[in-house]
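Contents: one structure, followed by commentary.
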Amino acid sequence: MDFDLEPSLEELIKQDTLKWIFVGGKGGVGKTTTSSSIAVQLALQHPNDEFLLISTDPAHNLSDAFCQKFGKDARKVEGLSNLSCMEIDPEAAMSDLQQQAQQYNNDPNDPLKSIMNDMTGSIPGIDEALSFMEVLKHIKNQKVNESDDSTDKISYRTIIFDTAPTGHTLRFLQLPSTLQKLLGKFQQLSGKLGPMMSMLGGGGQGQQDMFAKLNEVQKNVEEVNEQFTNPDLTTFVCVCISEFLSLYETERMIQELMSYQMDVNSIVVNQLLFADDDENPCKRCVARWKMQKKYLDQMAELYEDYHLVKMPLLGSEIRGVENLKRFSKFLIKPYDPKVDRAIITEMKEQ
């Protein structure tokens with residue numbers, strides 16, 4: 001059956017089951033603006049619910065986008081009382097991890113402690129792993145079932161991720177299954193290492209506490225893995241620009257996301273010129289728009305069963321809550337250059 005999906009994210013914004021929304025793509029295509037716009041629209045459309053926007057990109061831009069300083073702890077956005085933001089710092093998380101390891105065992109000669117310290121410094125993708133551990137902290141605050149009526153939780157309806165460029169993001173999303181296997185091996189080792197350490201004079205309460213902590217982490221990882229592969233709970237929004245390399249990267253990302261069994265059915269195309277509807281377009285703009293239209297046509301054919309959202313190029317950066325409110329409307333109601341160009345020109349750089 002041939003049909004075109006609505007070229008907007010209205011369906012995503014209105015979906016009442018989503019707990020996790022990932023926003024990602026190649027570097028420099030407007031991921032932070034898109035993730036911030038999605039978060040703003042969610043907060044506006046559902047004023048009685050709480051939302052959290054997390055940056056897992058080492059080059060944090062949320063503070064710049066909202067003109068407000070954010071850190072490793074969730075902080076309310078000024079002007080949107082039901083939206084909070086946080087920026088995960090992998091280096092700070094690494095320091096915290098090492099301090100926690102010290103608490104479990106103060107014996108510097110314990111061989112197991114030495115192994116753990118070596119591993120935390122040498123695991124490939126450790127930055128993504130530490131970011132993921134921060135996510136695990138927040139899943140405990142997530143109500144997956146409405147029957148969960150606990151009062152000691154901050155219940156976020158949805159958590160939105162402003163992710164790092166494609167390679168980092170794919171490693172991050174692969175972590176639940178990777179950690180699941182790794183922690184399973186640790187559990188197998190714990191049964192063998194415990195008696196062996198006792199014979200060597202090591203072991204004790206510190207190791208028991210460490211393995212108990214690993215048990216808890218494994219359960220959380222399994223829960224996250226189940227949620228990330230459930231299309232009712234999790235979706236991924238691809239962000240790109242209308243150029244060959246960006247289109248190639250988007251296709252590669254979609255194929256990998258599908259291999260992880262993660263839902264993806266929305267693509268946001270940023271920085272479009274719409275020169276056909278400009279009264280006095282420059283020759284360079286017309287030439288570039290011609291190139292953009294060529295790749296837009298390819299995307300329309302390749303992703304006919306996706307929500308393909310077309311967003312305009314602005315003359316200045318989109319900063320501040322008010323500008324994000326204006327710009328994010330085009331995620332819901334498709335941008336019409338004949339009608340909406342005035343709204344774009346009204347946006348002032350902060």
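Backbone N, Cα and C atoms are what each Cβ position is placed from, and that goes for glycine too.
A quick note: this is a predicted structure, and the numbers were derived from the prediction, not measured.
Counting every protein chain shown, 23 other Cβ atoms lie within 10 Å of the Cβ of D57 (active site). Marked as active site by Swiss-Prot: D57.
Applying an 8 A CB threshold to same-chain residues 6+ apart, the list for T32 (ATP binding site) reads S55, D57, N61, L62, D64, A65, D162. Annotation comment: Swiss-Prot describes K26, G27, G28, V29, G30, K31, T32, T33, E243, N270 as ATP binding site, evidence class sequence analysis.
Counting every protein chain shown, 11 other Cβ atoms lie within 10 Å of the Cβ of C282 (Zn(2+) binding site). Annotation source Swiss-Prot lists Zn(2+) binding site at C282, C285, citing sequence analysis.
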How big is the ATP site in terms of the longest C-alpha to C-alpha distance among K26, G27, G28, V29, G30, K31, T32, T33, E243, N270, in angstrom? 19
C-alpha spacing of G30 (ATP binding site) relative to C282 (Zn(2+) binding site), in angstrom: 24
Have a look around C285 (Zn(2+) binding site) and count the other CB atoms within 10 A of its CB, chains all included. 15
Find, for the listed binding-site residues K26, G28, G30, E243, the residue with the lowest Cβ contact count at a 10 Å cut-off, counting only other Cβ atoms. G28
G30 (ATP binding site) to C285 (Zn(2+) binding site) - Cα separation in whole Å: 20
Integer Å value for the Cα distance linking G28 (ATP binding site) with C285 (Zn(2+) binding site) is 19
